[in-house]
Every structure is written in structure tokens, then in C-alpha cells.
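Pulled from TrEMBL, these are the features on record:
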type	residues	note
ACT_SITE	Glu327	active site, proton donor
DOMAIN	68-146	domain 'Beta-hexosaminidase bacterial type N-terminal'
DOMAIN	169-495	domain 'Glycoside hydrolase family 20 catalytic'
SIGNAL	1-16	signal peptide
Amino acid sequence: MRFLVVVVGLASLARAQLLGIPTVPFNITSDRTYDLRNVHTIVVDLAHSTTRDQDGLTLIPPTLWEFAETFRDDLAGIGINTILLPGTKSISNAIYLTLDSDKSQFVNAAGNKTSEGYRLSVTSSGVTVSGASPLGAWWGTRTILQQALINNKKLKIGTGVDSPGWSERGMMLDVGRHYYPTDFLAEMCSYLSFFKQNVFHLHLSDHVWDPAKLGSHELALQLYAAFRVDSTDPAVAGLARPVNETYSPSVFDDLQQKCARRGVTILPELESPGHSMATTDWRPEIALSDFSMLNLSHPETLPTVKSYWKAVINNFHSKVVHIGADEYDSNFINEYSTFVNDMSAYIQSISGKSTRIWGTFPPSSAAGSVNVNKDVTIQHWQIGQDNGLFDFINKGYNIVNSDDYFYLDLKYSDGDVYPKELDIERVFHGSPDGSAFAPNILDNANATNNPPRDSPNVLGHLAVVWNDWGPNASTYHEAYYMVRNGLPALADKQWGGSLQEKDYASLFATLQPAVPDQNLDQRIASKGSTIVSYNFGQGTLSSALAVLDGSGNNYHGHLENGAYVRGGALQLNGRGAYLKTPLTSKGRNYTLSFSVLPKSHGGALFSGPDSSFLNGNGTSNNLMFVSHNIAYPVNLTLPLNKWSDVTVQAIGPQTFISVGTQRQEVTILMGIWGGYMQEGPMAIEAPIQTIGQGINGQMKNIKLSSDV
């Protein structure tokens, strides 16, 4: 009987997998573990240290050594300090990164070889990651990091072979209707990468839509439109805009390099011939009567679009580019298809890149029809626009699944069609039979519209986040919070993992705070719930210009430009005096409280890189937040020459301001398709970098806490 128990126990071990996001097939061969705290060296196989993956979407793939450098830094972030050494074999108590000679073991859902697979071997003396390519080895290092976080820096002993089911996994962000700085986008790449997602599709040109203003150039110019990529080519001078909200070649190159270092490819999209008001604002003569669309019969239209692609394409480091081709006038399908084919051929001729479009007009067998060529990849987005299986896959096209089942729109969905954030329930029950979603699920309600899981024509899945209501509807980080909780769960399904809903919450709670090379939550380290406290009555430090932080976190402030402390309060002259802190911004959730005696209106009570909290702005005396140059006022005003107690609270997606007993929520009125206004909440970060700049008066009892 004892023998049977042992046999059953070993069999159970052999069938186990590693719980992670995604899960990892893994044969556990021992009940012992290997402690990563014993590792002091990462050995990189000398024979492959300069090898790069040639099969992925990026044109700037890192070498195995470069991936190892990033891995070393990530290990240091969890307290495991290592050095890199070139070598020809593993050594004791080291992590050995190499490439596997047997590529046949690494296959995707279609049974085809993939360069993103890896073999993970853990013994009592160390760890070996053997990648199908350096990129595959990189995904193996993500497994090591995750398991270290889950299991107190210990790895289960055994071996596993892991490969993604699909080659494209990740998300799209609409940066055309809302600008995002590249630092934020790079942090998003870090977030994607940790959960083994490899594509960040950026929708780089678009406009806010109001049908009443599409009929003339003058009215169209009133609508927000943007073309984000800049160029020094004089042929496209004036196209990129708005000013200070575009990406220069060097800035965009740096973003792509940062993301590639973490295995993520930036996939750029420039929209035409629809969604093209940024172009028609620049060249109104090539517009249809609807100024959101290009006139494909105009002799200058195709040369104009070619000119801007020629100007920017060498700065796009991906093998695929997206030309949009979404929602065009159905009276001109042949002209549309001819345009797409011409642009695809042109892009291939000048760059060697292939082309992608949104699924818009399915191919037709009717006499005289012109269809999009089959070497153009289709990004399916709605079953009402195309049937991905019957219209495209069965006719020989490759598709990427972006069905609107995972469609998100900041911060409101007309008719509440779409959820307010990525729906975890849909991830785990997104198939027609109620089982988990997978990239081959194009229709969550009707299984007959879905190709088999092993269809080679399904390249992968990208969730999408749109900004239909323009730049004032949200802050940068609200886009992140749309996907923060659900995207890792979706990453498991995009990879082909088998994570169950019951295990997700605890895994997410462990892994999400430790995602390396980002602080999208804008956390501030603190010993307790009080993050910083300036009472101005506890004396100063060694310098008369230093103000003591009473929280115990030692976030001491420094008096600048004539600011001083007297009578237990910060004295401010309205001419540039302020208190400088070592902090920047605090994300959700928080309470910021203080007392203030203003002698006049105007000035920044608090400022940071993400927002400012103003005592009026010269036009209005109302309290207001300003986030990325957009003002969000409330109907509250500070009385002059008397003390007021003020509290700002961020609770989830909402922000509240209180003056005494009066409380108001910070909101935004969004114009919905030009038809009506919709009020929405605003989640504003707490600005805490400078205090009192431009304020003429006094402040005291300043406290920032995580309690709400």
C-alpha cells in the first residue's frame, strides 16, 4: 500500500504544470525546490550570444546577450544580484541561457514551428533555459521571474517545454485621438512583456467624429485630428500635428528600441482612406464631400498617401505596417480595394514590409469586382463588418482577431455596448460553449463562425482600446486602467495557457505589483498608510531650507525661491516660492488633505508631472485639476484671507474635492458623435512634486495617504 501511494504521488508530480500568467507545461520530478538566492551568475552561451531572432515581427531583435542584460536587471529588482558571463556550458548555481538545437519541439497551435518556444530545466544545482531563439529564451526568463515571485524565490525541480499557440499577442491603443508620451508607452510594453505578449499596435492617426462637421473644410477644422509621426522630409511639412504632441524620428526610434528589448514589437498604423481628417485638413483638395475620407479618384490622393509613408517608413522597425483602411464609403469598394492593393505593393517595394488592414469589405465573386489581395493581412474587428471565417479565412486570407468582444472605449460606450474595462469574465467564458476564450474565437455566440483552434490562418489576437471621445475624456493612465486587471488573464489565452478563473485573482495580486521596468500604478513606497506629512511645526533638519516629513518615510521637503516656515505654516509669496518634495505623483487610491489661506486667486496648490491642482487659472477662480494641459474644474472656490480645510480623494475611477463640508466630483462632459453630451468620471493622479508654486498665502497640515 505504501508503494502505491508513492507511485500515485510521483505520477501526480509528473502531470503538474507551473501556475503562472500564462501557465507553463512542466513535469515536476521532485518535491524539492531550487532556491534562486543561490544564483550569482547568468551564463550566456558563447556560441549564441550574438544571435538574433529572425522570425518575429521586429526588425531590431535583441541578441541573446542583450536579453540576458535585461533579465539581469529584472532579477536585481527582486533582490537577486547576478553578473553576466559568456560560457560554453552551465556552471553550478547559475542560470544558463542557450539555444536548443531541436527546433521541432517548439510548435504553435497549428503545429508549425515557432521561434518563441523554450525549454526550462531546473535541477538541484541550477537552471537552464534553452530557447528556440533568443526571443524564446527571453520568454523563459519571464517564467523564472514569475515563479520566483510566486514561490518565494524558489523554483520547482523538473523540465518543461513551452511555446505560444499564436504568434501575435497583445493590444492596440488609439494614440490618434489621444496623445500618449513615449515614456508611458514604453511602460505599457513592459507590462505586456511580463505576461508574454509581444505586439503593441499603435493607431497613430485619426480624428474625433461629428457628422454635422464633416461636410466642409472649415467645420472639419473644428474637430480634433492628429497625425502623430513627424518627419524631416519637406514633402510632408505641416502634416504631423498637434504641435508638441507628435513623435519625432528619434523619439519613436527610442520607444521601439525600449520595447524590443523586452520582446515587444511596436506595430504602427496610419489610417487611410477613411478616418483621414488629419490628411484632409492638410490637403483639403483630396477629400470627398465627407472630409473624413479621401477621394480615391483624385489624381493626387495616392501620391499624397505614398509621400507620407515614404517619409516615415524607414523609422518603423516592424516587418508589418498597418494602413487602416477602415469604414470607407461602400459606394467605392472597387476604388478602395485598388487603393489598398496599390499601397501594399508600394510599401513592399520601398521597404520589404507587408501590409495589414481592418476587415471592412469582404471579397466578392461578382463580375467586375476588385478584391484586396490575399497577401494583405486582415484585422477582423466585428462580425457585422465581416465574417472572418467565411469571408476571409476560407478564401485564403490570414487574419488577426480583434473582434469587438474585447473592444474598449475610453470612457464611455454609446449605448453601453462595451464594458468599461477589459472583462475578465469574458476571458474565462468567451467561447460559445462557455469555456475560455482563445484567438480562434471570432464569434463568441455562434461556433459555426469560428475556425478550428489549429487554423494556421489565425495569426493571433489583439485587444483594442479606442479614444472615440477625444483627448479631454481621459488621462494617460486611465487607458492603462482599462486593461490593467484583465489583460494578463487575456495574455494567458493569447499564449494558449490553461489558467483557470479560480486561480487568477491570487496570481494577479502576487505578480502585478512586481512587473519590472514600470510604475503604471504610480505607487509610492511607504511604511504605512501615511505617505508624506508636512506639519511645519516640528522644526527643520540640518538645513534651514529643509522641511521634515512626519510620516517616517523621510520624504523631506525643501524650501525654494523664498518660501519659508513661520507660525506653523508654509509661507508663499505668489512669485515662485514653493516647497519641493522628492515625490512626483500618486496613483489611485489616495487622500490628499491640507489647509490653505490664500490672499488671492491663482497659482498651483500642488503640481506634478501628470497633473496640477490649481486655485484658479486666471480665467476662473474655481478649484481645478489640470491634466496634460486640459482643465477639469469644479464649482468650488477658496475664500480669501481665511483658512479652509481641503481634501482631495481618488477612489477607483473617481476623484472628489472637498472644501469644508462642500464636496464635488471631478467630471468631464464628452460629446458623443456630435449628438449629445455624456458626463463621465475623471481619475486624476495626486500631484506632489511641488507645493504652493504661484500661491500667495499660507499652507499647513499637508498630508498624503493611501487611505480613502
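Cβ atoms here come from the backbone N, Cα and C positions, even for glycine.
DSSP gives the residue listed as 'active site, proton donor' a coil state; it is part of no helix or strand. The domain 'Beta-hexosaminidase bacterial type N-terminal' (68-146): residue composition by secondary structure is 26 helix, 25 strand, 28 coil, according to DSSP. Confidence in the domain 'Beta-hexosaminidase bacterial type N-terminal' (68-146), given as mean pLDDT, stands at 98.
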